[in-house]
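Under the heading active site, proton acceptor, TrEMBL lists HIS66. Feature annotation from TrEMBL assigns Ca(2+) 1 binding site to ASP67, VAL70, GLY72, ASP74, SER76, GLU88. Annotation source TrEMBL lists substrate binding site at PRO163. According to TrEMBL, the feature heme b binding site maps to HIS193. Here TrEMBL flags ASP239, THR242, ASP247 as Ca(2+) 2 binding site. For CYS35-CYS115, CYS68-CYS73, CYS121-CYS315, CYS200-CYS226, the entry in TrEMBL reads disulfide bond. For 25-319, the entry in TrEMBL reads domain 'Plant heme peroxidase family profile'. The signal peptide annotation in TrEMBL covers 1-24. Taken from TrEMBL, the feature site 'Transition state stabilizer' covers ARG62.
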Amino acid sequence: MSISNNSFVAIFFLLLLSSMQCHIQLSSTFYDRTCPTALTTIRTGIRQAVSSERRMAASLIRLHFHDCFVQGCDASLLLDETPTIVSEKTALPNLGSVRGFSVIEDAKREVEKTCPGVVSCADILAVAARDASTLVGGPSWTVKLGRRDSTTASHTLAETDLPGPFDPLSRLISGFANKALTTRDMVALSGSHSIGQAQCFLFRDRIYSNGTDIDAGFASTRRRQCPQEDQNGNLAPLDLVTPNQLDNNYFKNLRQRKGLLQSDQVLLSGESTDDIVTEYSNSPRAFASDFAAAMIKMGDISPLTGQNGIIRTVCGAIN
């Protein structure tokens, strides 16, 4: 059997294309030809959601974070429970606290109208986080695109890989290092706690501890909405001063011993991160620059690209 030169050429290019797809890199121009309106469509949806509820900005940034830390930035967090999928939504760090799923689904639905089967839910999460930041005064950055969506979730990894509100500094540092994020990245990303709210049971021990690492007046104020028993779900802003503005005030709070969560205040506790906290508290520009850079790095955690993964039609389910 003979094979023509043209057939050899065709086979060569097919193999080359396959290789390229397997090793494709994320790119900010990924949808420029296939869905040029994608970013504008997503931005419109995020703007509407945040204008309706400022807290949603924090929720959307957290969604992207909690997705990327569990088997990479693959939208696994968005998958609902099925007979074959144990959802990450029910893992302890997410249960009853992670929110904003409907905002992502709405954005996906709008994108699907013009570009069906093109834009991944994982990319929508990444873009939504950036847009949410800018809508509450935080920095902007160029989002790299081309992620694909997983067909699996990991409830187990969601229980173990996400940082917790009671973690000591050493665990925070090692947890981020496991995701190729530096200590400086970790401190910068912690600055997202400049916005959003926390539930009473997550900071109760801290405000009733009478510890030397918490301002007495601050603790007294927080106790009004968080009694020693019951009302576990009562919400308090992570930053009392500018609760709806993504800024460096979070770091100023830490210097006054007014971090709400233990995992916040531990960043300024006489250890290796003190100098970074001090720098960010003094320089809004340094914080904004490092936060943007860290968000880009976080978005690079183990994406599915090329032939890996799928493009979900609905973010909460496998096609």
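Every residue gets a Cβ built from N, Cα and C, even glycine.
Caution: TrEMBL annotation is automatic and unverified by curators.
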CYS226 (disulfide bond) versus binding-site residues VAL70, GLU88, THR242 - nearest by Cα: THR242
Most Cβ neighbours inside 10 Å, all chains, among the binding-site residues ASP74, ASP239: ASP74
Fewest other C-beta atoms within 10 angstroms, as judged across CYS68, CYS121, CYS200, which are the disulfide-bonded residues: CYS200
Sorted by sequence, non-ASP239, THR242, ASP247 residues with Cβ within 8 Å of centre, Ca(2+) 2: SER194, ILE195, VAL241, PRO243, ASN244, GLN245, LEU246, ASN248, ASN249, TYR250
Sequence-distant neighbours of GLU88 (Ca(2+) 1 binding site) in its chain (C-beta under 8 A, six or more apart): HIS66, VAL70, SER76, LEU77, LEU79, ASN94, ALA153, SER154, HIS155, LEU157, ALA158
Packing count at CYS35 (disulfide bond) (other Cβ atoms within 10 Å of its Cβ): 19
Least Cβ-crowded entry, counting other Cβ within 10 Å, from the recorded positions listed as VAL70, CYS73, CYS115, CYS226, CYS315: CYS115
Residues within 8 Å of the ASP67, VAL70, GLY72, ASP74, SER76, GLU88 Cβ centre (excluding the Ca(2+) 1 site residues themselves): HIS66, CYS68, PHE69, GLN71, CYS73, ALA75, LEU77, SER150, ALA153, SER154, LEU157, ALA158
Which of ASP67, ASP247, the listed binding-site residues, has fewest other Cβ atoms within 10 Å: ASP247
Under 8 Å by Cβ from the residue listed as 'heme b binding site', counting only residues of that chain that are 6 or more apart: LEU238, ASP239, TYR250, LEU260, LEU261, ASP264
Distance from CYS68 (disulfide bond) back to the residue listed as 'substrate binding site', taken between C-alpha atoms, in Å: 12
Local confidence of the domain 'Plant heme peroxidase family profile' (25-319) - pLDDT mean: 97
Residue among the binding-site residues SER76, THR242 whose Cβ has the most other Cβ atoms within 10 Å: SER76
